[in-house]
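First comes the structure, then the notes that go with it.
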There are 2 protein chains.
Amino acid sequence: MAAEKKASKMTVQQLKTPKGTRDWVGADMLLRDHIFNSILDVFKRHGGVSLDTPVFELKDVLSGKYGEDSKLIYDLADQGGELCALRYDLTVPFARWLGMSNTQSIKRYQIAKVYRRDQPAVTRGRMREFYQCDFDIAGVYDSMIPDAEILRITSEIFDVLKMDISIAINHRQILDGMFAVAGVPPEKVRTISSAVDKLDKAPWAEVKKEMVEGKGLSEEVADRIGEYVKHNGDLPTIIKFLKEDQALMANSDIKAGVEDMELLSSYLNAFRVGTKVVFDLALARGLDYYTGIIYEVKTNLAPEVDKKKTKGNDELSQVGSIAAGGRYDNLVGMYGKRQIPCVGISFGVDRIYTIMKARQETEGKARVREVDVYVMAFGGSGFTGLLLERMQIVSKLWEAGIRAEFQAKVKPKLPQQFKAAEDVPLGVILGEDELKNGEVRLKALNTGAAEEEKDRGQLVKLDDLVAEIKKLL
Amino acid sequence: MAAEKKASKMTVQQLKTPKGTRDWVGADMLLRDHIFNSILDVFKRHGGVSLDTPVFELKDVLSGKYGEDSKLIYDLADQGGELCALRYDLTVPFARWLGMSNTQSIKRYQIAKVYRRDQPAVTRGRMREFYQCDFDIAGVYDSMIPDAEILRITSEIFDVLKMDISIAINHRQILDGMFAVAGVPPEKVRTISSAVDKLDKAPWAEVKKEMVEGKGLSEEVADRIGEYVKHNGDLPTIIKFLKEDQALMANSDIKAGVEDMELLSSYLNAFRVGTKVVFDLALARGLDYYTGIIYEVKTNLAPEVDKKKTKGNDELSQVGSIAAGGRYDNLVGMYGKRQIPCVGISFGVDRIYTIMKARQETEGKARVREVDVYVMAFGGSGFTGLLLERMQIVSKLWEAGIRAEFQAKVKPKLPQQFKAAEDVPLGVILGEDELKNGEVRLKALNTGAAEEEKDRGQLVKLDDLVAEIKKLL
């Protein structure tokens, strides 16, 4: 509230949000908040600690962390003083914070906006300002226990959101060992790993072509990789497959990875999430810094969303992975003297939002606010409007924690009051005669306009009103 | 999660947040969230609609809105494309949004960070990145009804936060009329109003000196102002005082303002907040754009905070106004074709935080996370650690929505488990003998270390565990 009367008047055509950003309001915000609150609930259930960092960091903190993508960082103007830039993700601020603090171990979560000067694709939900939602467990623990808890948290969150998911999982040491055994030269491991990462969207023939023609791998080596990466299934099955292959098990990375996966398998069963997890030898994940297990969550769109909403809407059917992460034991060491092992996951809340919004649209009109009761008045000739009485009664409801509104008019018309109460489930209706007896009428709203006029609801004593409303809500 | 292995290693001394910003974590975040959630609850209770705007706006949207303070705006660097700047408050983005939308009326709220390149005073809670928390009612309604609801909302919020407050209130038309009747030349009204605004912190003699010597007002006119502005009291008393002064009532602005205040008085009584409101003829508020009532909320620090925490801590006793606002009917018109009258309030959440933090510190140690149950194991020689059993039981608790943790070790030591459960109220203790009978021990924690070792809690059947825990929480 600090603008001035003499301020320059803007023309309407200039009124927009910056490219790649948007306002959120009403029903959209309620849905987004519902998603955030569901996720936060689960984070807290697991002892998560909330971290909030500034929206901008010293430029030096971000420099050299994102490789080529650094060009997408938003810089602040040099107005004297420190050089700063908007945060690009939540992981670097978390690592910076860990580097500054004395914390040895933490389960930290953060839901916040991040910024990338990318080409926006608004309909597909790719924006320049968007939310990330991260949960990470940092600290030295016994092997695979925090890893299993991250997957348990993931499973709980999608249960709460009523989304059917599966979690693909792999292990960096198994993947790298497999490349070594297949005969990939060490300097080509990362680039071949990136090629395998595309198996998600491209057929094997295409990926093989990239390996052989694009990256100079021999056809024989590529075929050996092809044999391995086609295997996926539940953890015991793939673990068995790996253990029976003596060539693979002779590799120390693979041996260590398989031991991890055996432990993980028993922990996931104890946590009752084993059935949702698929061990997929083709899962590679792009980022370099993973050192242990990696995972990606996928959803099958609910049939009603699929049928009704995706015709002509390619974006929805391309939603792809809705959460992903892994173990990264060496990142924090870049920010200080200490190395702190971490495992974490990032939820793609924009993608989750897109799916849930489509589901909501198949279920009818969404509310823009969550009011439960509308207090209204009516009367014949000589109607005073009963404003003070409406104010007194609505105050009582507020004091009882009930969400309630009334029309801010001295003499409101009944149809206007019904219209304002369009998305409100209950009406309290004041009439002068009823009030003389210490009574009002309580009625369910939105039963149809004709019905509305006829049925004036049940008579309720003022003293019982709060209790009666709470019974109905 | 997008940093790279090869990233440059930073030296420890560079590890800081930018000037005037800070990280929030653990107990501080829980307290801040408690404040935000209390406020949001009340906003929603009144049918508030949530609005979220981008953290940066087009530079043109902010230009010319903040007068001299424009130099405090953070600009984004010109990296090609639109010129943008970080938002300076939440009112201009709200007015920009109203200008873009077709909304005729809305109760909108927004809690979000704003940015000012001011000289930070960290101990006093003045930061470059800080939260604002605004509720505004926009739209054409009958006179003073939304104004009264804003004050009712304010009162409810501080009730929920258990803070004792009073609301000083005045009316711009009465203030301006009073200056006219006293003989202030029209061109000096705003500057004299600014002088009166200082009566809060400075004695009358000093303010008079500023008016006469600094601003060239005649001593006679200044004295007449001095006579008026010393009046304050409950609404009926001050209304009566004004109505009895025929010179004042002959001024049309004052007459209109007094009519507003009479309506407001009856509405505040119906809303049961009349007793918290003080009509203060000396209240001026700095900003130019107010057109009707203006108000400021003050708190008396609770005695325990005052005594224990303010010695040597001037900042706390200077906390001053913790919420303020008023009616501004002409601001939205600057952003489009439509004029939409508005009335609103902004809560100083940082100041509220400072007060509640001091109060919390007098009440003992704050929790950093809200875990309710710690699942632990103990045993004699040959102790296996019961890890899978702990995992199964903690999963059951999570499924029941209970906040629970366990130690991520295969064979945890009992003292370490008790230490990790330091701020957790309940412990579930697994022993091999008890488990054979389908039982565990449930005990209240933090009863003292010696006690902890002796009392191993009550035996509970596994099937009854969730119910027993819910009973105790």
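Easy rule for this one: first residue shown is 1, then count along the chain.
Every residue, even glycine, has its Cβ placed from backbone N, Cα and C.
On the 0 to 100 pLDDT scale, the model's mean across the domain 'Aminoacyl-transfer RNA synthetases class-II family profile' (A:20-356) is 90. The domain 'Aminoacyl-transfer RNA synthetases class-II family profile' annotation in TrEMBL covers A:20-356.
Cβ-based neighbour count (10 Å, all protein chains) for A:TYR290 (L-histidine binding site) stands at 25. A:TYR290 (L-histidine binding site) falls within neither a helix nor a strand when secondary structure is assigned with DSSP, and so counts as coil. The feature L-histidine binding site is assigned by TrEMBL to A:ASP89, A:LEU90, A:THR91, A:ARG116, A:GLN132, A:ASP136, A:ARG285, A:TYR289, A:TYR290.
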Other CB atoms within 10 A, centred on A:ARG285 (L-histidine binding site): 22
Lowest local Cβ density (other Cβ within 10 Å) among binding-site residues: A:THR91, A:GLN132: A:GLN132
Of all listed binding-site residues, namely A:ASP89, A:THR91, A:GLN132, A:ARG285, those lying near chain B with CB under 8 A: A:ASP89, A:THR91
Neighbouring C-beta atoms (10 Å sphere around the C-beta of A:ASP89 (L-histidine binding site)): 21
Secondary-structure category, per DSSP, in which A:THR91 (L-histidine binding site) falls: helix
